[in-house]
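Heads up: the structure comes next, in structure tokens.
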Amino acid sequence: MRTVVIGSGSWGTALAQVLQDNHQEVLVYGVAEAEVNDINENHKNSKYFGDVELNPELKATTDIQCIKGADIVLLAVPTIAIDPICHQINDILDKKTIIINVSKGFHPETNERMSEVIRRCIDEDKLSSVVSLIGPSHAEEVVIRLLTTIDAISLNNEDAVTVQNLFSNQYLRIYTGNDEIGSELGVAIKNVMAIASGILSGLGYQDNTRAALITRGLQEMIRYGVHFGGQQKTFMGLTGIGDLIVTCTSVHSRNFEAGYQIGKENSVENFFKNNTKTVEGVRTAKIVHRVAKENGIDMPICEEVYQILFNGKLPSECAQDLMIRDLKKEF
Ligand SMILES: NC(=O)C1=CN([C@@H]2O[C@H](COP(=O)(O)OP(=O)(O)OC[C@H]3O[C@@H](n4cnc5c(N)ncnc54)[C@H](OP(=O)(O)O)[C@@H]3O)[C@@H](O)[C@H]2O)C=CC1
Ligand SMILES: O=C(CO)COP(=O)(O)O
């Protein structure tokens with residue numbers, strides 16, 4: 001099977017290398033010539049991985065026409081680029097293709113999940129199915145082949161199994177699942193929790209606070225996910241608690257890192273002035289705020305993150321406000 005990975009950033013490069021390690025036919029398409037040249041000539045993607053040596057067989061191109069005839073197209077671009085990229089590739093695809101989504105978040109205007117965006121933008125006769133390859137996985141660790149487990153989630157079990165078999169190896173183990181709603185909502189909302197976790201660390205709170213955040217954050221994810229048709233058990237799996245733990249506790253997480261800076265400075269100003277990284281939780285916080293309000297879903301942690309990011313509320317005040325809410329039963 002021939003796979004094209006769209007996006008020469010961190011996750012696209014790491015996942016393409018998995019396929020190359022598995023001796024599959026794979027090519028990376030990137031818009032950034034510097035990243036493409038770095039992969040082809042130096043066998044590195046220095047912008048994201050410094051001196052890490054990539055599999056020397058891995059190749060990249062800036063020619064989008066390379067998707068012609070591909071059996072699988074893996075989209076490894078930020079959520080904001082999924083809609084335009086799908087429209088662009090829809091004009092080029094010439095046969096039924098499995099589209100793999102790895103992005104975590106929502107469409108910025110329509111609030112759609114990523115699988116919904118892809119199904120809307122790709123013609124039915126060019127789409128076998130959407131498979132979301134998601135779970136607890138920092139590219140920085142996968143690229144150096146540290147043991148990782150994630151899910152291939154799809155409404156089409158056969159395609160999920162195909163993706164499972166293509167990507168699984170000694171360092172990456174793929175499970176399959178079909179709860180698209182629960183899984184995609186879980187991996188999106190955990191980014192907001194990772195920002196919250198970073199903020200709390202930046203403010204100086206320690207282990208007790210982080211455990212509280214992860215546990216109560218999971219309850220918010222379940223409340224939101226079940227409201228929209230996700231299965232509660234999904235949130236106990238890799239795309240729920242698994243991804244929540246890895247992003248709320250890791251120095252690799254850009255969402256955690258953003259939150260840490262905001263907490264440390266007790267202000268969002270410098271983050272918004274200087275950030276150039278993909279921090280998906282920021283847009284997700286805005287969407288969750290809006291959708292939760294419209295649907296009467298209680299999301300106190302997400303709401304405080306929204307107030308910090310978009311309403312100028314002080315992080316220190318938000319942390320205190322969460323503690324002095326009306327007392328209640330845990331479940
Ligand atoms: N990194 C990780 O560990 C993981 C990331 N993810 C998710 O994967 C998604 C992609 O993130 P990630 O790889 O980390 O992001 P990066 O910022 O590392 O890379 C994004 C890449 O997409 C490129 N890009 C942006 N817009 C377009 C476009 N319209 N067409 C083609 N390429 C484009 C960027 O190019 P340029 O450099 O020119 O901007 C860059 O090469 C996110 O939703 C993230 O949440 C999921 C799991 C793990
Ligand atoms: O989704 C991720 C790990 O599973 C990556 O997290 P960040 O986007 O916060 O870096």
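Keep in mind that glycine also has a Cβ here, set from the backbone N, Cα and C atoms.
In TrEMBL, annotation is done automatically, which means it is predicted and not curated.
Summarising the annotation, TrEMBL assigns domain 'Glycerol-3-phosphate dehydrogenase NAD-dependent N-terminal' to 4-157.
Under the heading NADPH binding site, TrEMBL lists SER10, TRP11, TYR48, LYS104, ALA139, ARG254, GLU280. Sequence-distant contacts of ALA139 (NADPH binding site), defined as residues of its own chain at least six apart whose C-beta falls under 8 angstroms from its C-beta, comprise SER10, TRP11, THR13, ALA14, LEU15, TYR48, PHE49.
According to TrEMBL, the feature sn-glycerol 3-phosphate binding site maps to LYS104, GLY135, SER137, LYS190, ASP243, SER253, ARG254, ASN255. Long-range Cβ contacts of ARG254 (NADPH binding site) within its own chain (separation 6+, distance under 8 Å): LYS277, THR278, VAL279.
Residues or ranges marked as domain 'Glycerol-3-phosphate dehydrogenase NAD-dependent C-terminal' in TrEMBL: 179-318.
Within 10 Å of the C-beta of LYS190 (sn-glycerol 3-phosphate binding site) there are 33 other C-beta atoms, taking all protein chains into account. Per TrEMBL, active site, proton acceptor is recorded for LYS190.
Overall, the recorded sn-glycerol 3-phosphate-binding residues LYS104, GLY135, SER137, LYS190, ASP243, SER253, ARG254, ASN255 cover a maximum inter-Cα distance of 16 Å.
The Cβ of SER253 (sn-glycerol 3-phosphate binding site) has 23 other Cβ atoms within 10 Å, all protein chains considered. In the three-state DSSP scheme, TRP11 (NADPH binding site) is classed as helix. LYS104 (NADPH binding site) has its Cα within 10 Å of the Cα of none of the binding-site residues SER137, SER253, ASN255. Taking a Cβ distance under 6 Å to any atom of ligand 2 as the criterion, the binding-site residues SER10, TRP11, ALA139 reduce to none.
A distance of 15 Å separates the Cα atom of GLY135 (sn-glycerol 3-phosphate binding site) from that of GLU280 (NADPH binding site). Computed over the domain 'Glycerol-3-phosphate dehydrogenase NAD-dependent C-terminal' (179-318), the whole-number mean pLDDT of the model equals 97.
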